[in-house]
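Encoded as structure tokens, the structure appears first; notes follow it.
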């Protein structure tokens, strides 16, 4: 059942200041009473004594500071019982602390509404109308739990996208870790209920623990929540965490806008902007203020504004008024554009994108391309084998025709018989005997030889043409494969050379930096040593001067006589070791004791 309750009341930043005050006072072996804490807070943090007293009482109620009665053992309050304050222990009863202590939206204490499914709490004023509690007897779910409950995505696909976002978060988190304190601070868990950091988020992404994008976004918001609580809303760490959360929300919005664009813009394969998305983006001519019309993709439309991403080198985004948008089918000459090199490159990229659209060509990974190449090569080899098998029966059929019709004098059957014999070069002699024997019945012995030679020449030409086409095709296929292999090998060699060159440059840079640092350190050490010796010499000289002055002053002091009563310089001599500065001192000392011990002759 949902209920409103006060989990905490004291300000988190004031609590940390009070903790520091108590710790410093205790380290000085003193009782951390209200007076000492108030003076410290006023001197260091400029907090008014009344505000210090109020925050201290709230912290005691919240259990963040322990109040005890302590008896003073020294000073003006020795033996007096007084209130003393201590830091709480490290032990926390997590069975009772099931929910956070501060509003997940504004990160402040006060009367909060507790979620029935998670640890989050909210102020009623921080909730929108749709999430506010309608009936106190009903169960209440926070906005985060409701958003997580709405969607469930493919975990494998979601993990791929979230890895890109986490890599961006790690870059920002470097600054956050540099500016922040260690999360292992002894009082950290007293303020932060559910600790989370970027490495934890990355680990959950790698293990596939997120069920939706909203759950991932909730962890990013939790990181901001913890940072604001521990470091303060106006701290530099909180500004970095807000920027980190804002960037994460922007990345998630871009992902929901178009998953294909999000993946390709992060993976960055060759010609990544040219591959079509599903569904396809509308292509337009867009005109920014101060520029001409430029080819672009429409990402989204809102009221009278169009969000476009331009073709070209940088692929920039911009919101363009709808009146500055023209359909891509509009003739370029009507747009009066300045055809610069950048504009031409953008148009070339547009043409490649349109060609990919016509061909239905979508981006595929290298493994898929390699599988397709292997399939194509196996299909081509199978087709070549089938071509050979179909040619052999044709040759046998030619021989059969030749033996059935041996008496015909037309050149076609003989040409067919000879060409068939050229297709099967292992049996030339039987064909030649058959042709000669058939021709001897009608012609002389010389005629068959001439006819055979002519048909042999004709068949050679036909066979040569067929073989030329066949091997030209095979050679072209082999040439294309060699080109692709050479291109991949060249890219690999260039990539390895670049990596090697980069590593060598980094090594040289590191050595140069180390050398410069060592040289600078040597100069600093040498100058520091010289300065130290100079200061030591000056110190010795100064000590000598002071010693001489001191000796001279002592000598001058010894040569003077001093009043026995008030120790001022004496003017009146009484006896061998007694003098006075005035008659008053002489009378006071005389009546007090000197009249009994004076050795002056009367």
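Glycine too: its Cβ is placed from the backbone N, Cα and C atoms.
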Inset, instruction - When you get a sec, could you say which of 380-386, 387-393, 394-400, 401-407 is annotated motif 'Nuclear localization signal' by Swiss-Prot? - result: 394-400
Legend entry - Range annotated as zinc finger - as stated in Swiss-Prot, picked from 100-148, 149-197, 198-246: 100-148
Legend entry - Matching range for Swiss-Prot feature annotation, region 'Aromatic cage required for H3.3K36me3-specific binding', among 291-310, 311-330, 331-350: 291-310
Legend entry - Nonlocal neighbours by CB distance (under 8 Å) for residue 563 (Zn(2+) 1 binding site), same chain, sequence gap 6 or more: 569, 570, 579, 580, 581, 582, 585
Inset, instruction - Run through the zinc finger (100-148) and tell me, per DSSP, how many residues are helix, strand and coil. - result: 12 helix, 7 strand, 30 coil
Legend entry - Secondary structure content, the domain 'SAMD1-like winged helix (WH)' (6-82) (per DSSP, counts of residues): 45 helix, 13 strand, 19 coil
Inset, instruction - Please report the number of other Cβ atoms within 10 Å of the Cβ of residue 585 (Zn(2+) 1 binding site). - result: 20
Inset, instruction - Count the other Cβ atoms sitting within 10 Å of the Cβ of residue 566 (Zn(2+) 1 binding site), across every protein chain shown. - result: 14
Legend entry - Cβ neighbours of residue 581 (Zn(2+) 1 binding site) where a neighbour is any other Cβ within 10 Å: 19
